[in-house]
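Only one structure is covered here, and it is reproduced in the block below.
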Amino acid sequence: MSERKLFTSESVSEGHPDKIADQISDAILDAILAKDPEAHVAAETCVYTGSVHVFGEISTTAYVDINRVVRDTIAEIGYTEAEYGFSAESVGVHPSLVEQSPDIAQGVNEALEAREGQSDDFNVIGAGDQGLMFGFAIDETPELMPLPISLSHQLVRRLAALRKSGEISYLRPDAKSQVTVEYDEHDKPVRVDTVVISTQHDPEVSNDQIRQDMIEQVIKAVIPAHYLDEKTRFLINPTGRFVIGGPQGDSGLTGRKIIVDTYGGYARHGGGAFSGKDATKVDRSASYAARYIAKNLVAAGLASKAEVQLAYAIGVAQPVSVRVDTFGTSTVSESILEAAVRQVFDLRPAGIIKMLDLKRPIYKQTAAYGHMGRTDIDLPWEHLDKVSPLTEAVAALSEGA
């Protein structure tokens, strides 16, 4: 009998408490970068019933109306009714932002390499912290993402679209999805085993109505029919009721959905969150660079699955390590791939910032529905413009091996 395995990933909607916090943090970051592209920002947000606290460290010449940014973001998500227990115009906003530590700033503003006299513009900026970051790509989907997280994101995006268009009028902003995919003995996805959708709703609607709408208008609209069969389980609002939600039901905090933000647990994670951080924070920028590398390696046909690890020391520009793992799927040795990556990509913080143009206010749009594999927005780390340079570098290195 062939061995089959299950893998599960989840996503959450923009109205989930943790995602509200992420979006507020990134909205503040974008508002500052729009006026001061050189700003250093680390903005954290906590939300709960009737209150938003914004705290962290910022170095900027710009003035931003934090109160207005917070309220506008909450309204865009859909929390505009008092009965939700959390609404844009009545919520209390409590900012507490201070200047970045000078001890950290001296290493970011002048990297170790620059202090040692290595005259290169890209040696000026040091990494904002030590740490390790991962990027991943796999040929399971057109966007080169694992299928479970791809489907999970699509489900909650579809829910939000139906809510905002008014097509399903009883929907409220908070929601979660979870998809279990069955893989065959060759690690290829063959079917969807279980779909879980929990969606906040108005009190009057029946569970039968919710179930019917979720299956017909969400699940079947998103998941290709060949993945669904008579054994696929649909678990819709399994508790039986989800009226109280959002920050009224649970507190939310920036950076608590790092697996949702990346690969749904299918690949490793270095532990650093993204939202509210400018690109000198390698937790964010190097994770984007690692995805960029992995996606271009797979798109180039150099591997069918690739995981890239980058690691940094605070105040040092060059990464302390670069690793490529293709899980036995590469067409050449991983040492050649690593050498090609070092040739093609400048992985110093300033190099990443220039390569991906990361001083722009592009971050709020990433704060819900995933930072990787997005097909609905244009993100530079999803571009495939390094396929040819990588292919050429690998060919040259292979000849010289």
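Each Cβ is built from the backbone N, Cα and C atoms, and glycine gets one as well.
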Region 'Flexible loop' according to Swiss-Prot, located in which of 1-11, 100-110, 177-187, 243-253: 100-110
GLU44, GLU57, LYS281 screened against ASP250 (ATP binding site), Cα within 10 Å - retained binding-site residues: none
Collapsed DSSP category at LYS277 (ATP binding site): strand
Site diameter for ATP, Å, by largest Cα distance between HIS16, ASP174, ALA175, LYS176, ARG241, PHE242, ASP250, ARG256, LYS257, ALA273, LYS277: 36
Protein Cβ atoms within 10 Å of LYS281 (L-methionine binding site), excluding its own: 23
